[in-house]
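First comes the structure, then the notes that go with it.
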């Protein structure tokens with residue numbers, strides 16, 4: 001059985017967690033967000049490939065979205081979801097095909113794309129009614145085509161306060177994110193809490209209501225702590241067996 005597990009939230013330490021998971025088990029595969037593609041939109045086969053400075057010649061859609069969200073939110077969310085689907089489908093044909101107990105970890109999912117980020121932009125008037133309707137129709141169709149390959153067996157929720165996430169955004173220093181307001185993170189936090197803690201957020205995918213959620217408190221920095229790394233891996237390993 002090939003398991004798909006998503007881990008979620010913004011600036012909660014996902015990059016550090018990705019590196020921890022990559023080194024933990026040979027039969028674990030981690031699919032990171034294709035951020036390099038969002039910052040340099042071009043026709044390229046590898047959606048997870050990091051780009052050198054000389055290669056960054058395409059449009060920076062992430063920066064465009066943060067700079068003018070009313071203009072670019074629909075375009076960004078559509079492309080972000082498309083590039084995520086391509087990256088996640090690609091790994092299913094990779095090295096894990098012959099593994100005994102393969103597990104694939106997705107950095108976020110097509111569901112958080114729609115029900116957290118895209119819906120927040122719509123509710124914030126950064127997508128108009130027509131764009132939101134088209135996005136939902138497109139998302140439904142994409143899931144009809146590929147959804148069975150992207151279904152989740154579990155979710156790892158990296159839980160941190162919006163204030164801590166904003167602090168980590170500043171430390172990370174990604175140019176496109178430096179003007180993100182705390183209010184934006186608070187809205188995302190509220191949606192994540194409703195979905196993964198209170199289980200009150202409703203989606204068009206009934207099975208998600210039964211998907212188990214492992215919540216890891218990452219408000220305290222865990223980057224350099226071997227003990228915390230081992231504790232997190234132990235919890236994830238136990239959860240991935242169910």
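Positions of Cβ are set from backbone N, Cα and C atoms, glycine also.
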*Return the residue out of 23, 42, 77 that TrEMBL annotates for the same substrate site as 33, 66, 108, 113, 177.*
77
*When distances run from the Cα of residue 170 (ATP binding site) to each of the binding-site residues 33, 66, 77, 113, 177, the nearest one*: 177
*Check residue 107 (active site, proton acceptor) against DSSP and tell me helix, strand or coil, would you?*
strand
_Just checking a number: largest C-alpha distance across 168, 169, 170, 171, 172, 220, 221, 222 for the ATP site, rounded to a whole Å._
17
*What does DSSP assign residue 220 (ATP binding site), in three states?*
coil
_So the record assigns 33, 66, 77, 108, 113, 177 to substrate. If I measure every Cα pair among those residues, what is the longest distance in angstrom, as a whole number?_
19
*Rounded to the nearest Å, what's the C-alpha distance separating residue 77 (substrate binding site) and residue 107 (active site, proton acceptor)? Just drop the number here, would you?*
16
